[in-house]
Amino acid sequence: MALLNRDDWYDIARDVDWTLSYVDRAVAFPEEWKGEKDICGTAWDDWDEPFRVSFREYVMVQRDKEASVGAIREAMVRAKAYEKLDDGHKATSHLHMGTITMVEHMAVTMQSRFVRFAPSARWRSLGAFGMLDETRHTQLDLRFSHDLLNDSPSFDWSQRAFHTDEWAVLATRNLFDDIMLNADCVEAALATSLTLEHGFTNIQFVALASDAMEAGDVNFSNLLSSIQTDEARHAQLGFPTLDVMMKHDPKRAQQILDVAFWRSYRIFQAVTGVSMDYYTPVAKRQMSFKEFMLEWIVKHHERILRDYGLQKPWYWDTFEKTLDHGHHALHIGTWFWRPTLFWDPNGGVSREERRWLNQKYPNWEESWGVLWDEIISNINAGNIEKTLPETLPMLCNVTNLPIGSHWDRFHLKPEQLVYKGRLYTFDSDVSKWIFELDPERYAGHTNVVDRFIGGQIQPMTIEGVLNWMGLTPEVMGKDVFNYRWAGDYAENRIAAE
């Protein structure tokens with residue numbers, strides 16, 4: 001008997017829905033999970049996915065992708081290819097696996113909520129594929145990290161990180177807890193699927209895959225590319241959701257996108273910007289973080305806003321100016337507080353690297369070069385202790401990132417407000433605005449510095465903080481090249497003398 005064409009039965013299978021008689025629909029689909037608010041239920045009949053796939057087709061495609069990833073993985077592991085890679089590039093894979101692996105696992109929960117609570121039967125059906133995608137991504141990352149555990153204990157943090165209170169992990173976890181797990185289905189689709197996955201994930205996977213291939217890390221590059229093909233598909237779920245929202249509640253859609261864009265951007269400054277402009281070997285860099293942002297994010301997001309009749313975020317001019325600086329601030333901050341990291345950062349300011357940075361960022365020297373000059377001077381004088389922290393940085397109560405890290409060193413003034421007797425500090429007026437939109441959403445959270453001042457961390461020393469974060473000597477961050485890049489300047493000075 002011949003198989004029916006997919007189009008003959010697809011709509012029937014996709015649109016299967018519950019006919020409730022023993023329970024009220026509002027109980028089966030609580031508003032706090034569904035998130036449709038004042039949009040009537042029939043409006044979601046217009047929700048129509050931009051791709052069509054049957055389970056049979058899905059399995060066939062995923063099987064082929066798994067076979068490809070597995071074959072390359074086995075070949076690279078047998079060839080011990082990882083051992084031959086540049087140490088700076090290795091920091092990228094440590095950072096990525098530690099901050100992203102459990103995010104993929106969190107996304108399984110988000111997609112499962114789509115399956116159960118989304119206001120459209122079509123959306124619920126397609127959420128099943130997203131749930132399978134994210135399960136696959138989690139397992140791929142864990143398998144990659146497990147293969148390389150003997151090469152570096154930092155890979156243990158692919159699973160361990162989100163069970164610790166390491167400060168970078170807290171910042172990442174706080175964002176994804178908020179937009180994936182705390183958000184209702186509608187907000188999660190716009191904030192995660194549309195803004196994060198369809199936009200910023202392109203940087204994390206496309207850009208890093210390209211840089212990894214240039215660096216000779218075929219295994220990591222292939223892994224990222226395989227995951228990105230899934231992300232590109234299920235990230236499309238945000239568009240039909242936005243279609244419905246623009247017809248019935250465009251103001252809410254605008255606000256969700258504006259908040260999600262800024263929060264996602266700040267985290268990706270730390271995760272992707274630092275990796276692209278400092279950890280990737282300079283000869284292997286395809287483009288700068290700013291260039292990639294302008295090409296893939298700015299044009300992309302502007303096009304979405306324009307096509308759907310939305311406005312640019314009110315902070316867009318500030319955002320564009322920070323492209324020249326924010327990730328440089330986060331890099332010098334993470335390098336300085338390197339003992340608080342679970343990976344070994346690269347200073348990334350040898351003479352050759354510095355020429356590249358000045359070429360890509362004409363104002364880099366004025367804002368950051370002078371600070372690195374002081375660090376280099378201390379290193380070459382043997383005063384390593386002066387390049388290490390004695391206390392903690394002030395952190396933003398929304399992004400959980402250091403104050404002064406969103407722009408250049410001439411824009412360090414924190415924003416502050418008092419809410420219910422507690423003083424809150426923010427890295428920018430944008431983060432303060434986000435807090436003021438929904439104070440109760442953020443007011444209960446305490447960052448590392450809040451907990452330190454509150455006496456939750458004992459003893460109240462750097463050593464006490466490191467122990468509280470779960471950092472052990474074998475993974476505690478140190479300069480990945482043992483400061484060899486600083487020798488560039490010492491040798492030239494001696495030669496001149």
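Yeah, the Cβs are placed from backbone N, Cα and C, and that goes for glycine too.
Of the listed candidates (E134, E295, E302, E320), Swiss-Prot assigns E134 to the same Fe cation 2 site as E197, E231, H234. Of the residues E104, E166, E214, Swiss-Prot puts just one in the Fe cation 1 site with E134, H137, E231: E104. Here the binding-site residues are E104, E134, E197, E231, and the one whose Cβ sees the fewest other Cβ atoms within 10 Å is E104.
Reduced to three states, the DSSP call for H137 (Fe cation 1 binding site) is helix. Taking the centre of the Cβ atoms of E134, E197, E231, H234 as the Fe cation 2 site, the nearby residues of that chain (Cβ within 8 Å, site residues left out) are A107, G130, D133, H137, S193, T201, D230, R233, A235. Listed in sequence order, the binding-site residues near E197 (Fe cation 2 binding site) (C-alpha within 10 Å of its C-alpha) are E231, out of E104, H137, E231.
Cβ proximity to the Fe cation 1 site centre (mean Cβ of E104, E134, H137, E231, cutoff 8 Å) flags the following additional same-chain residues: V103, A107, D133, R136, T138, I227, D230.
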